[in-house]
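These features come from Swiss-Prot:
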ACT_SITE  ASP134  active site, proton donor
ACT_SITE  GLU135  active site, proton acceptor
ACT_SITE  TYR167  active site, proton acceptor
BINDING   11-12, 32-35, 58-59, 80-84, THR99, 167-171, ASN197  NAD(+) binding site
BINDING   SER84, THR133, ASN196, 206-207, 222-224, ARG231, ASN266, 300-304  substrate binding site
Amino acid sequence: MKILVTGGAGFIGSAVVRHIINNTQDSVINVDKLTYAGNLESLTEIENNERYKFEHADICDSVAIANIFAHHQPDAIMHLAAESHVDRSITGPADFIETNIVGTYILLEEARKYWLALSEDRKGAFRFHHISTDEVYGDLPHPDEVSSDTILPLFTEQTSYSPSSPYSASKASSDHLVRAWRRTYGLPTIVTNCSNNYGPYHFPEKLIPLIILNAIAGKLLPVYGNGEQIRDWLYVEDHARALYEVVTKGVPGETYNIGGHNERKNIDVVKTICRILDELIADKPDGIENFEQLIRYVSDRPGHDLRYAIDASKIKQDLGWVPQETFETGITKTIHWYLNNKEWWQRVMDGSYAGERLGLVE
């Protein structure tokens, strides 16, 4: 099977590419624009594999995408290319509209044209797998808002959309486009919505890598608002396994939620990282006895969702997928990776981002 992966140099995309090349006999065509968050160094372990090809292209370039389809003749598309940071979407929403909505439209149209020209056998086996986020659903009641005997709801595949940020609104729009191309044109599409990912090769604008790297450097650890917001955490390699199961075994027209079964308050995530670093690093930065001393509460993100939590029972029942990592095992692996891969993240931090606060509304 030949799988075209968009955004394969990004955090989740590179995990998908590594999983396919390392654990299957399938081939990958990685199509990536290489924005600030795209990093081919995340793929050095597989870059010379004969089953891996890279195409430097923008999904908004219809001519380039059509040529790539014609040249490589993929059997499936896994669409991960996206602008994905909520804070950046607050200060610069235009890139999110362009890439996440217009780019998805162009990819759908070129995929539809390509698919229509395939033989009947190949047409029947073709898949367009759109990878999205649980943020399209909005937020859920927080345990502090309800009585202790209340059963807290989870996001299911039937949950209505109610996006809160420019990022989540752009992803919701792309989800609707994908489903429209399925219903209107018959394109065999599948949608997945995942919870918060973490793990190796994560660009340090996101909470977990930012906290790890700030702590190592002895910098303050910013926590938005009161830190009580709750997220479900999914180890990225578990997610990559799930996505491969979906593209190879999933049913066209279906949606699958993918979660880690690891609800944690943001402040508890930060304190867990501090505790593990305390155990691993004997020589602390000057002036501190433990890393929790670096925690500082800062102004909250505008429109910050209170709680995300996913019901992943459908993908377990239909495809047999369950996460292998608990939050404790996954976060320990993640911290060890950052401690042992200083060259990777130092080169990232020497580029366009140095850990500054993003997403403030003037």
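In case you wondered, yes, glycine gets a Cβ from its N, Cα and C as well.
Looking at ASP58 (NAD(+) binding site) and TYR167 (active site, proton acceptor), their Cα atoms lie 19 Å from each other. A sphere of 10 angstroms centred on the C-beta of ASP58 (NAD(+) binding site) encloses 19 other C-beta atoms. Here the recorded positions are ASP134, GLU135, ASP300, and the one whose Cβ sees the fewest other Cβ atoms within 10 Å is ASP300. In sequence order, ASN196 are the binding-site residues from LYS33, ALA81, SER84, ASN196, LEU207, PRO302 with a C-alpha within 10 Å of the C-alpha of ASP134 (active site, proton donor). Spatially, by CA atoms, the recorded positions SER84, GLU135, TYR167, SER168 include one closest to ASN196 (substrate binding site), and that is GLU135. Rounded to a whole number, the C-alpha distance linking PRO302 (substrate binding site) with ALA81 (NAD(+) binding site) is 25 angstrom. Neighbours of ASN196 (substrate binding site), defined as other CB atoms within 10 A of its CB across all chains, total 22. Reduced to three states, the DSSP call for SER84 (NAD(+) binding site) is coil.
Among the binding-site residues LEU207, VAL223, ARG231, ASP300, HIS304, none has a Cα sitting within 10 Å of the Cα of LYS171 (NAD(+) binding site). DSSP gives ASP300 (substrate binding site) a coil state; it is part of no helix or strand. Put simply, GLU135 (active site, proton acceptor) is 5 Å from SER168 (NAD(+) binding site) when counted between their Cα atoms.
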